[in-house]
Number of protein chains: 2
Amino acid sequence: MTDNARVRPVINRLSTAEPDFDARLETLLAWEGVSSTEVQQRVDEIIAAVRRRGDAALVELSNRLDRLAVGSMAELTLGPARLRQAYDGLPAEQREALAAAAERIRVYHEHQKPGSWQYTEADGTVLGQQVTALDRAGIYVPGGKAAYPSSVLMNAIPAHVAGVREIVMVVPTPDGVLNELVLAAAHLAGVDHVFTLGGAQAVAALAYGTETVPRVDKIVGPGNIYVATAKRAVFGQVGIDMIAGPSEILVVSDGGTDPDWLAMDLFSQAEHDEDAQAILVTWDGAHADTVAASIESLLPTMERQAIIAESLAARGALIVCRDRGEAAALINRIAPEHLELSLADPGSWLGEIRHAGAIFMGRYTAEALGDYCAGPNHVLPTSGTARFSSPLGVYDFQKRSSIINCSADGASALGRTASVLARGESLTAHARSAEYRIKP
Amino acid sequence: MTDNARVRPVINRLSTAEPDFDARLETLLAWEGVSSTEVQQRVDEIIAAVRRRGDAALVELSNRLDRLAVGSMAELTLGPARLRQAYDGLPAEQREALAAAAERIRVYHEHQKPGSWQYTEADGTVLGQQVTALDRAGIYVPGGKAAYPSSVLMNAIPAHVAGVREIVMVVPTPDGVLNELVLAAAHLAGVDHVFTLGGAQAVAALAYGTETVPRVDKIVGPGNIYVATAKRAVFGQVGIDMIAGPSEILVVSDGGTDPDWLAMDLFSQAEHDEDAQAILVTWDGAHADTVAASIESLLPTMERQAIIAESLAARGALIVCRDRGEAAALINRIAPEHLELSLADPGSWLGEIRHAGAIFMGRYTAEALGDYCAGPNHVLPTSGTARFSSPLGVYDFQKRSSIINCSADGASALGRTASVLARGESLTAHARSAEYRIKP
């Protein structure tokens, strides 16, 4: 099998013992979602058009870019009744699976709700933090072949749990194609309105508002390069979530998991698109060979074989390392979006893992379970951004306000300190404002 | 006084009863921190130069833009001993005030530390969330006249409390001028290294790393338009905090606070720069007149009179509204960075306030106390972004990982749901990966 793999590299084979390991890994991991100047200019024009001409621009752009023939925004608007109708119209099995997933996602996210807090100091001064929800959230859902009802649940339910007053969803309908499962998911997730808009024009409408589309406070959800570029451009006017790169998984195996299971777990990542990245790390070289064999024998049976094959050949890897310590170091270096610990004792690894979007523990916890219905969010930091960012959560739809309530004694004491520091910064109005509160 | 104010509008006077109130308020609040194409191109060039040539580019750019004459990065690097020396060299009064402020800020931020959590379901499946700190944070501190030691404390202490392993600070030294108070604050706040770099080149160095400057995971701190543009450009490669606009305060007064105190509170905001915004709202028209009188009589006594006068004339306002309800609505519409509730019973307002960066409650709680030493952070969302963002905090230097550990029974049940949903999305590798875990 190893010989066979060398002849036809279905998936890259790396070993930490090779002198060029670091460079090869770096090359495999490299990803930069750059917007060309053309995309940037196009997006700037679209945003300017939507800000200037509102609904009229949305209708024109949607007709042109999504090949529609609508006359007004009314034809691009779906209300709650239409969403409920989509849900009611689903086959029972799909309706029940969607409802079961939504309920588990809701329960998990309820655990993320933080409380407001306060504490009182000896002189009566009160300090604290008040947590409030966003007024209005915008959910971008890709249309066409990548329209995923699970993404609707994962983006909208945390907003709903957070207490957002109004959840607005946009989803493009290229050539007029509507996905009933997506609308049904919107119904379940508590979405208030849907506009069948996409691209930079949908992002601009949500960020600035039009006659029909209400301005939101934050825009979340994945999209193509136009959507990502538009989100970056409107950041500051509204909040945004991370700008997502291709999806990835790092599987760490101790050699005890069925190699077919592991091959399929890698495929489940690779089937997303050609840029998706599936990597397995093990310190058992023979096990790496058996996984490679499973990959080769299962690949021809896959519906999305072409995408999987391209993804594995371009960005996939089986990495043999020396020991558990090297595997842990690789985890933190890669900071994977999905980390699958296919191991006898995954719990003992948790303390060493500093960077990972979601950690799937044990041989039974396939990433696919988390993608749909385990409960935690499937919107996760990609391309190493788990170094500094988190899964989408209730906290993304809330914000905090600091609370400061000084007693007369507290203000007098703080006033002395503030006065010295303000004068050190030559900000004398600050100093005098503080000094007014100092007791004589 | 009202007549006098009309003749010489030291500060804008608005009333919610006027028919053009909405339009006038909108105009006053309008702010957009746009980067010109020139700035954007210049920043792109600087980032490309630092990525390509590392330290050499940093030395060249610093010599050119900050008018220095250094030969290597060693001359732009300050270690812990130099920071400690700055602290030890301060006059006792400043040293003690800085230490007192740092300790209060530390104590407040300790309250923000979230815990990791887990829960176990009936079938033994464990779900949870693990909180970890960033490995490395970068703090941008403006140099020159706007070099504020308090900003060093407010940016670095939350990172330190969060458990960040390494805190790197950059501060430009135009014409070679170093601010000892800033270095002393860095010592107190737990900064590990300081590089005397500024502008887009400092942001690029932190985002991508050079031979000398370590790559960080997140960059926080205010800066000019070049810094803001560079932060927006590197967002995704690293995390960033909000892109700050000019500072603002909204004071709500019930008429019972000394008008001189209120005038000085407005001045303390206005003295930051000409774009800063100071607004007072009251339903007591006579009180608005007495505050206007205080403004006029105190203004000539201020060291930063010219800046204050320009800020108040251009962006300041005294607004008379009908009643308490209108005042509360104005708070939520403006979503102020600083909200001062100069009222007899500020506690009764808290439940109605949906959007504000920090809430200063009662007549004694001057914003200046919060700016320096009350404890909560003074890095706050500006320009209405309190609608969707929060004060800088410990949470900005931590991230979460989802934990999913399915029991064999749990995986079997979840596998059925996941399989139905994955097939609904035509992702059959996902479905088969889940189906492997279904018990026969």
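Even glycines carry a Cβ here, placed using N, Cα and C.
Cβ contacts within 10 Å of A:E337 (active site, proton acceptor), excluding its own Cβ and spanning all protein chains shown: 28. Per TrEMBL, the feature active site, proton acceptor maps to A:E337 (among others).
For A:H338 (among others), the entry in TrEMBL reads active site, proton acceptor. Mapped onto three states, the DSSP output places A:H338 (active site, proton acceptor) in strand.
There are 15 other CB atoms within 10 A of the CB of A:N224 (NAD(+) binding site), with all protein chains counted. Among the features that TrEMBL reports, NAD(+) binding site is placed at A:Y140, A:Q201, A:N224.
Annotation comment: TrEMBL describes A:S247, A:Q269, A:H272, A:H338, A:D371, A:E425, A:H430 as substrate binding site. Within its own chain, A:H430 (substrate binding site) has A:A418, A:A422 as residues 6 or more apart in sequence whose C-beta sits under 8 angstroms from its own. In the three-state DSSP scheme, A:H430 (substrate binding site) falls into the helix class.
The Zn(2+) binding site annotation in TrEMBL covers A:Q269, A:H272, A:D371, A:H430.
Highlighted in sequence order, A:P142, A:V170, A:P172, A:L197, A:G198, A:G199, A:A200, A:A202, A:V203, A:G223, A:Y226, A:V227, A:A230 have their Cβ within 8 Å of the centre of the Cβ atoms of A:Y140, A:Q201, A:N224, the residues recorded for NAD(+), and are not part of that set. Using a Cβ-Cβ cut-off of under 8 Å to chain B, the recorded positions A:S247, A:E337, A:E425 reduce to A:E425. Ranking the binding-site residues A:Q201, A:S247, A:Q269 by other CB atoms within 10 A of the CB puts A:S247 at the bottom.
Classification of A:Q201 (NAD(+) binding site) by DSSP places it within a helix. Ranked by Cβ neighbours within 10 A across all protein chains shown, the recorded positions A:H272, A:H338 are led by A:H338. Using a 10 Å Cα-Cα cut-off from A:S247 (substrate binding site), the recorded positions that qualify among A:Y140, A:Q201, A:N224, A:E337, A:H338 are A:E337, A:H338. Closest to A:Y140 (NAD(+) binding site) in space, going by CA atoms and restricting to the binding-site residues A:Q269, A:H272, A:E425, is A:H272. Between the binding-site residues A:D371, A:E425, the minimum number of other C-beta atoms within 10 Å of a residue's C-beta occurs at A:E425.
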